[in-house]
Amino acid sequence: MTQLFYDTDADLSLLNNKTIAIIGYGSQGHAHALNLKDSGMDVIVGLYKGSKSESKAISDGLKVFSVSEACEKADWIMILLPDEFQKDVYLKEIEPNLKEGKILSFAHGFNIRFGLIKPPSFVDVVMIAPKGPGHTVRWEYQNGQGVPALFAVEQDSSGSARSLAMAYAKGIGGTRAGILETNFKEETETDLFGEQAVLCGGLSELVKSGFETLVEAGYQPELAYFECLHEVKLIVDLMVKGGLSQMRDSISNTAEYGDYVSGKRLINSDTKKEMQKILKDIQDGTFAKNFVEECDKDKPLMTKLREENSKHEIEKVGKSLRSMFSWLK
């Protein structure tokens, strides 16, 4: 059984007398910065000139500097920028300010795993990745709880990188819930696979195909939306709370029987083979290469696909129906 680590396993005092620079102040950035600040740490924020987040960070009681200035002042640098922007910002603003003894950290391993960022040997390189969105990380911390997190060490120059990563995880509230040790390779590959094969790519296409099948068979689009998209959350919430078994305990016998006899007709050995191909593209760097090239061209394919998908009938129907649900407003 994989070992989990909690508050008593991590020493927050290791962060004393260290200035922590949070680079970026979006969903994760604001949560990391404020949780660390409330844990008694010296936190500053690094943003590009003219960032819309600057006024928010200042109103939250944080000192804001340019990315370069923040990295120069900091002992610990946490990069919380979108994957496609990290390399350029690192080369121009962060790398010139790295000195022996500093800690470079990430919340996702993409740029390290695929060699886009290559830190010098004299810094620690670690990862602390909460398994939840930033607003949840902040909310849970404020309520005396925490969001589980992953932590990893890629490079241990100081000899204390593992303990430091665990201390940071404690500072943002992760050890209240439990933290799990991994490595950059494992975190990156599993995260990308989950997004592509199940959570985003797989689920989106499953929902659309189900909707299309019903509409093409003559059923009302509104009913197709309810059955194939709206109710997804009801089932997923049950799965998250108690696993597949509890979900099946909570649905009707008719639904459970249909689950067993029809699910495998859709998700079968051929589907799994395709999943394995997706995983291979992630492992051998094909996906990363294609994504980087797409971003270098200013995302023409992604923009085209985004526009096409936004025009799908399910989006039009959903926009109308969501106004019926007061809790979604």
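A Cβ is built for glycine as well, from the same backbone N, Cα and C atoms used for every other residue.
Small disclaimer: the values here were computed from a predicted structure and weren't measured.
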Which of G115, G132, G134 belongs with Y25, G26, S27, Q28, S51, S53, D83, E84, F85, Q86 in the NADP(+) site listed by Swiss-Prot: G134
10 Å Cα neighbourhood of D191 (Mg(2+) 1 binding site): matching recorded positions from S27, S51, D83, H108, G134: H108
Rounded to the nearest Å - Cα separation of D83 (NADP(+) binding site) and H108 (active site): 8
Which listed residue (Y25, F85) has most other Cβ within 10 Å, given these are binding-site residues: Y25
Neighbouring C-beta atoms (10 Å sphere around the C-beta of D191 (Mg(2+) 1 binding site)): 19
Integer Cα-Cα distance in angstrom, H108 (active site) to S51 (NADP(+) binding site): 22
Helix, strand and coil counts within the domain 'KARI C-terminal knotted' (183-328) (DSSP): 127 helix, 0 strand, 19 coil
Assigned conformation of D83 (NADP(+) binding site) - DSSP reduced to three states: helix
